[in-house]
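Database features, via Swiss-Prot:
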TRANSMEM  57-80  transmembrane segment
TRANSMEM  143-166  transmembrane segment
TRANSMEM  182-206  transmembrane segment
TRANSMEM  278-296  transmembrane segment
TRANSMEM  333-356  transmembrane segment
TRANSMEM  372-398  transmembrane segment
TRANSMEM  420-442  transmembrane segment
TRANSMEM  518-536  transmembrane segment
BINDING   C560, C569  [4Fe-4S] cluster binding site
TRANSMEM  576-597  transmembrane segment
TRANSMEM  651-673  transmembrane segment
BINDING   H662  chlorophyll a' binding site
BINDING   M670, Y678  chlorophyll a binding site
BINDING   W679  phylloquinone binding site
TRANSMEM  711-716  transmembrane segment
Amino acid sequence: VERDPIKTSFEKWAKPGHFSKTLSKGPNTTTWIWNLHADAHDFDSHTDDLEEISRKVFSAHFGQLAIILIWLSGMYFHGARFSNYEAWLSDPTHIKPSAQVVWPIVGQEILNGDVGGGFRGIQITSGFFQLWRASGITSELQLYCTAIGGLIFAGLMLFAGWFHYHKAAPKLAWFQDVESMLNHHLAGLLGLGSLSWAGHQVHVSLPINQLLDAGVDPKEIPLPHEFILNRDLLAQLYPSFAKGLTPFFTLNWSEYSDFLTFRGGLNPVTGGLWLTDTVHHHLAIAILFLIAGHMYRTNWSIGHSLKEILEAHKGPFTGEGHKGLYEILTTSWHAQLALNLAMLGSLTIVVAHHMYSMPPYPYLAIDYGTQLSLFTHHMWIGGFLIVGAAAHAAIFMVRDYDPTTQYNNLLDRVLRHRDAIISHLNWVCIFLGFHSFGLYIHNDTMSALGRPQDMFSDTAIQLQPIFAQWIQNTHASAPSLTAPDATASTSLTWGGGDLVAVGNKVALLPIPLGTADFLVHHIHAFTIHVTVLILLKGVLFARSSRLIPDKANLGFRFPCDGPGRGGTCQVSAWDHVFLGLFWMYNAISVVIFHFSWKMQSDVWGSISDQGVVTHITGGNFAQSSITINGWLRDFLWAQASQVIQSYGSSLSAYGLLFLGAHFVWAFSLMFLFSGRGYWQELIESIVWAHNKLKVAPAIQPRALSIVQGRAVGVAH
């Protein structure tokens, strides 16, 4: 650690652009404000010193954590101050969650709908109520305390960010000590983090949820600290607590099976995963990561060395294998970030799919709006992270890649046969696009000609997803075969099991897959492959291409390769990120359409006392979604028309947002299709008029560059 490396100066920070010689001189044209935003956090452009860059990134992480904690604190505060949480807790099947009441200004109070129990407010779909119930929060006071705790923690984070940059800044060697970092992150963050959460679940969540499920009034349930301090209270609910740690040390672990279970399926009272299953899961995860956190060699001569592992990693056809990658990952934070974003993005999308198929919190499964919101949220976040991975991989290629140290290793070999990779990927995209779209067009044509017997459908020419059905079947039959102690499969969606209904609403049931899913699946494959094609091309051609051999010298983002080189605009790595983002939006839109229609058609709905299920859209997915016309008529129009007709009701905000979102979308296209010269000419005639009237601005207006225009377009 280096002491007092940089003094704290508010005067310096107050000056816009203090991090750059050019920008700190102040504005000449309006481009200055764009560059200010573009470069403020581009630490590479402030200095070449890797240690200084590392310290800035490290310090910024604390700031990021502070922002997250302040946001979370706000969520908990709203739950404490403005919500009907206690009412919802006492009757979660009839009362809807609300944590915002609109003030009566210019008639906006129309937005406050009746959410049940005499409470009028906006219904929320964030899933916080369900999460709070699962973690054992029973009163608004507890939410207040947590909110205050969050703010205190945020303050600590802000202090830590300042302290570790201005007072005690780590040296470069500390940032590059990967084995120590792996040990501490795996054992500390993931291992002890999971263990402490498992502990909280056992001692607080389990007993409180057990009593809530049994219908005990939340106000009569003992407070969390009483369960922790008084073991007899827990022993009344879970008898093995009376035995203490004896079964643990005598290896009779099965004694604890009253609160560490392996049941599978859902709790029929709440429609959520069995809390005893999730405790068991977190305990197991903790053990795994605590072991993993002792695997890497630091002060003693045992354990893995990452450099040795990477350099030993050679295949028969891969030349030098992973030699040289260790140096890349310890000197290029962009390369490190690219890998982490790709993995975290993929994981986030996996989470999106588990939130509905294995709903982790009580009553989450019957709150359809929240289910849809959580799925959409996690899909979008995952998409952004994956595009970010490609962006930072390209920045690594332009700024940090040194071809002289990477000879005949895997990265070098991938770069050398990039033409084969990209052209094959291109062929795959063409194949998927024409075939998947062709299946729909065929169906539309046959439908229009009145020949249903010649359509691809479950009732005519079947294209059943046999592999997906085989996987479903394997999982559905697992409990009796591979997991004999489990009473149900991991997810009810696999099949076999009965449906779970809570409060006359379907929580979950086996999801049938048919021709319609097979068709839309190939649209997913198509859009994902196009996204990958664009992003990967951006990375592999970031340094050079046949068109522009010296691309690396032009940087990560540039509009064109100078005058006289026609057709070289929009070829920078940045432009590939832009186009990739565009296709990521395309891909995720189809995913969200598929999810919301499939769930409304085949899963969500009400159940009568006789056990008859009525789905929201009456099971029309299998026959309607096999034509383009069906998607337009029975999904997009059928659902959008309800939103558009919401004016004058408490849902009117959504109608206005719907309209506004399309306006913003159209606005973005204006920037994307704009001709820069056209705007520059327009601006200059307007400036001339200002000059005539002696009201000309001191800062000369300038049309957006291509890169800036695309930035505005993509943001909208």
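Heads up, the Cβ atoms here are built off N, Cα and C, so glycines get one too.
Sequence features, as recorded in Swiss-Prot, placed on the structure.
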residue: C560; record: [4Fe-4S] cluster binding site; DSSP class: coil
residue: C569; record: [4Fe-4S] cluster binding site; DSSP class: coil
residue: H662; record: chlorophyll a' binding site; DSSP class: helix
residue: M670; record: chlorophyll a binding site; DSSP class: helix
residue: W679; record: phylloquinone binding site; DSSP class: helix
Do the transmembrane segment (143-166) and the transmembrane segment (182-206) come close, with at least three CB pairs under 8 A (pairs 6 or more apart in sequence)? no
May I ask which of the binding-site residues H662, M670, W679 is closest to C560 ([4Fe-4S] cluster binding site) if we compare their C-alpha atoms? W679
Is the transmembrane segment (372-398) close to the transmembrane segment (576-597), in the sense of at least 3 CB pairs under 8 angstroms with a sequence gap of 6 or more? yes
Rounded to a whole angstrom, what is the C-alpha distance between M670 (chlorophyll a binding site) and H662 (chlorophyll a' binding site)? 13
If I restrict to non-local contacts, at least six residues apart, and a C-beta distance under 8 angstroms, what lies near C569 ([4Fe-4S] cluster binding site) in its own chain? P559, C560, I706
Among C560, M670, which are binding-site residues, the residue with the most C-beta atoms within 10 angstroms of its C-beta: C560
Is it the case that the transmembrane segment (372-398) and the transmembrane segment (333-356) touch, counting contact as three or more CB pairs under 8 Å in which the residues of each pair are 6 or more positions apart? yes
Sequence-remote contacts (6 or more beyond its ends) of the transmembrane segment (333-356), Cβ cut-off under 8 Å? 53-54, 57, 364-365, 371, 374-375, 377-379, 381-386, 388-393, 395-396, 399-400, 508, 595, 599
Rounded to the nearest Å - Cα separation of the residue listed as 'phylloquinone binding site' and H662 (chlorophyll a' binding site): 24
